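Asker: Once you've had a glance at the structure underneath, I'll fire off some questions.
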Amino acid sequence: MKLTVNLPNTPYDILIQRGSLAQTGAWVKELWKPQKIAIITDDHVGSLYRETVQSSLEQAGFETIVFEFPEGEASKNLDTVNQAYEFLVKNGMTRSDGIIALGGGVVGDLAGFVASTYMRGIHFLQIPTSLTAQVDSSIGGKTGVNTPFAKNMVGTFCQPDGVLIDPDTLKTLGKRELIEGMGEVVKYGLIDDVELWETLDQLDGSVESILEHADYIIYHSCEVKRKVVVEDELDNGVRLYLNFGHTIGHAIEATAGYGQVMHGEAVAIGMVQISRAAEKKGLMPAGMTAKIIAMCEKFGLPTTHQPWNVDELYASLTHDKKTRGKTIKLVIVPQLGQAAIHQIPMEEMLEFLQV
């Protein structure tokens with residue numbers, strides 16, 4: 001299956017194909033001339049897939065080097081970026097060479113940031129191996145690293161030259177790592193794709209059901225993301241819809257300590273919290289929050305977080321990228337499959353946290 005992100009200046013394809021990881025070299029050869037490629041990955045994904053990807057690339061005529069960093073959100077920072085820069089310089093990477101991100105969302109975000117800033121930008125490809133990365137973070141060109149103040153506070157827009165998704169990589173994910181990706185999938189059904197929501201409603205929520213329907217889940221999720229990105233590449237309008245649950249979700253990740261609450265888990269909690277407050281204010285229909293809770297809990301996603309420190313969460317929210325002056329843009333779902341922006345004074349955000 002293939003989708004095209006038809007941006008005017010940087011169009012690229014998303015290829016979804018089981019077993020495609022072993023064909024990485026042939027795929028890259030269609031996109032890039034023979035050159036040096038730096039594979040950026042973490043130590044866990046590297047142990048699983050580095051050899052397969054590296055061998056395929058070298059058989060296709062590419063010279064490869066590998067930069068690995070410790071697995072986890074705690075590594076997504078400027079210290080790791082500087083280590084990557086040093087590695088690239090020492091290995092003679094030039095502007096005519098390229099970077100491949102092999103891994104989950106942390107790897108993709110960090111590798112994309114490195115690619116977009118090293119020598120003012122070099123070629124970049126995404127090979128996402130987690131569900132969260134396959135349905136969300138590998139598409140759309142957002143890169144970024146965390147700071148002590150906020151998640152993804154330092155970042156760029158850097159569209160990849162292509163995205164290769166092998167659903168078979170999901171089989172090696174731990175249960176928690178697979179399930180957290182469903183937070184983003186549930187979001188897509190809520191904000192845009194009623195058919196996807198109804199399909200999810202029919203699944204029993206087990207790991208087996210997710211893996212069995214992975215191709216469908218990935219394709220439909222990518223199609224929502226693709227459509228929104230093409231309409232609003234730089235996040236000034238409808239792309240904000242993709243942030244449903246993320247405003248509070250990012251604050252939870254930051255205040256809990258990066259890596260303690262996984263991204264998709266935080267998104268699920270954020271969607272429930274925003275919906276509960278919006279429903280109380282008449283901005284979302286009665287019963288919507290209950291539907292979201294039921295769907296999240298079926299797949300094993302959390303819907304609450306403890307401790308719930310309102311002051312810490314609010315302080316983190318003041319650094320959110322959707323904050324404009326003394327207001328913040330919240331995404332709500334006035335009806336299933338339809339999102340909207342609700343702009344409120346920043347201080348009113350306290351009410352959304354206290355419900």
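Residue 1 is the first one shown; counting continues down the chain.
Every residue gets a Cβ built from N, Cα and C, even glycine.
Given the structure is predicted, the values throughout are model-derived calculations rather than measurements.
Feature list, courtesy of Swiss-Prot:
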type	residues	note
BINDING	71-76, 105-109, 129-130, LYS142, LYS151, 169-172	NAD(+) binding site
BINDING	GLU184, HIS246, HIS263	Zn(2+) binding site
Asker: With every protein chain in view, what's the tally of Cβ atoms within 10 Å of the Cβ of GLU71 (NAD(+) binding site), excluding that atom itself?
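Answerer: Here the count is 19.
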Asker: Look up GLY108 (NAD(+) binding site) in the DSSP assignment and report helix, strand or coil.
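Answerer: Where GLY108 (NAD(+) binding site) sits, the three-state DSSP reduction gives helix.
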Asker: Would you list, in sequence order, the residues of this chain other than GLU184, HIS246, HIS263 that have their CB within 8 A of the centroid of the site's CB atoms, where the site is the one recorded for Zn(2+)?
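Answerer: Everything else in range on the chain: THR132, ASP136, GLY183, LYS187, GLY245, GLY249, GLY264, ALA266, VAL267.
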Asker: Could you tell me which of these binding-site residues, SER130, THR169, has the fewest other Cβ atoms within 10 Å of its Cβ?
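Answerer: Among the binding-site residues SER130, THR169, the lowest count of other Cβ atoms within 10 Å belongs to THR169.
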Asker: Using Cα-Cα distances with a 10 Å cut-off, which of the binding-site residues GLU184, HIS246, HIS263 are near GLY108 (NAD(+) binding site)?
Answerer: none
Asker: So among GLU184, HIS246, HIS263, all listed as binding-site residues, which is physically nearest to ALA74 (NAD(+) binding site)? Use the C-alpha atoms.
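Answerer: That would be HIS263, nearest by Cα distance.
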Asker: Just checking the binding-site residues GLU184, HIS246, HIS263: which sit within 10 A of GLY105 (NAD(+) binding site), CA to CA?
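Answerer: Cα within 10 Å of GLY105 (NAD(+) binding site): HIS263.
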Asker: Under 8 Å between C-beta atoms and at least six apart in sequence, can you list the same-chain neighbours of GLU184 (Zn(2+) binding site), or say none if there are none?
Answerer: LEU131, THR132, VAL135, ASP136, SER221, GLY264, VAL267
